[in-house]
Amino acid sequence: MQTHKTHTVRLYHLVVVISLICIGLFAVEVPSPAFLPIDQYFSYQYDAIAHGQIWRLITGNLLHTNIWHLLMNLAGFWVIIFLYEVHFKRNPGKLMLLFVSLCLLEGMGLYLFYPNLKAYVGLSGLLHGLFVFGAIMDIRKGYRSGYLLLVGVILKVAYEQYFGASHSITHLINARVATESHLVGLVSGIMCAIFWSMLVKRLKYNKLS
């Protein structure tokens, strides 16, 4: 019981750290005589990445356009972790590895398949990947709700590709919602889930051999 609580606490410590990083980057980004705009150095910018600034593939996911954009994404992050904590609390490092992997895959996907998208910030693409990963893990554990969650997010992303995002969200975050990032995040989440499932099967096979 104590071990269970310890793992859960460690998981949410990690979630707090990630949240504080996003909040800290946003706070530094607020115009101030003491700081230069941080997005100049860390936002996803296609041309800058093409010239070798590859860290932007990851760091662009951690920046936000305004306070509402930040709050919505962090709220979504916490809800997803709470929804799928059963898959991460035994090994919080799994979440850290998944988070970094999704950041990188998100940036690479946008760079390779959407060269016309010149700039991007936000966690929303990564959150779609995290949600899909959790839904597939639910399915692997035999939870029927996983199928509903997976189909639901696929339909949402498909709808956005044809009709775009809500105008109210666009107005709220003061920027166009990059629905491309949601598609890349969804595909990235599926890829990570497949890779993880194959890895687990491989490890079990080697253990039994």
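Cβ atoms are placed via backbone N, Cα and C, with glycine included.
A TrEMBL annotation is a machine prediction, not a hand-curated record.
The model shown is predicted, which means the values in this text are computed figures rather than measured ones.
Annotated domain 'Peptidase S54 rhomboid' per TrEMBL: 52-195, in sequence order. Per TrEMBL, the feature transmembrane segment maps to 12-28, 67-84, 96-114, 120-139, 146-163, 183-200.
Spatially, the transmembrane segment (183-200) is not adjacent to the transmembrane segment (67-84); fewer than three Cβ-Cβ distances between them are under 8 Å for residues at least 6 apart in sequence.
Residues 35, 38, 42, 62-64, 67, 70, 73-74, 77-78, 81, 92, 95-96, 99, 123 of the same chain lie 6 or more positions beyond the ends of the transmembrane segment (12-28) yet place their CB under 8 Å from a CB of it.
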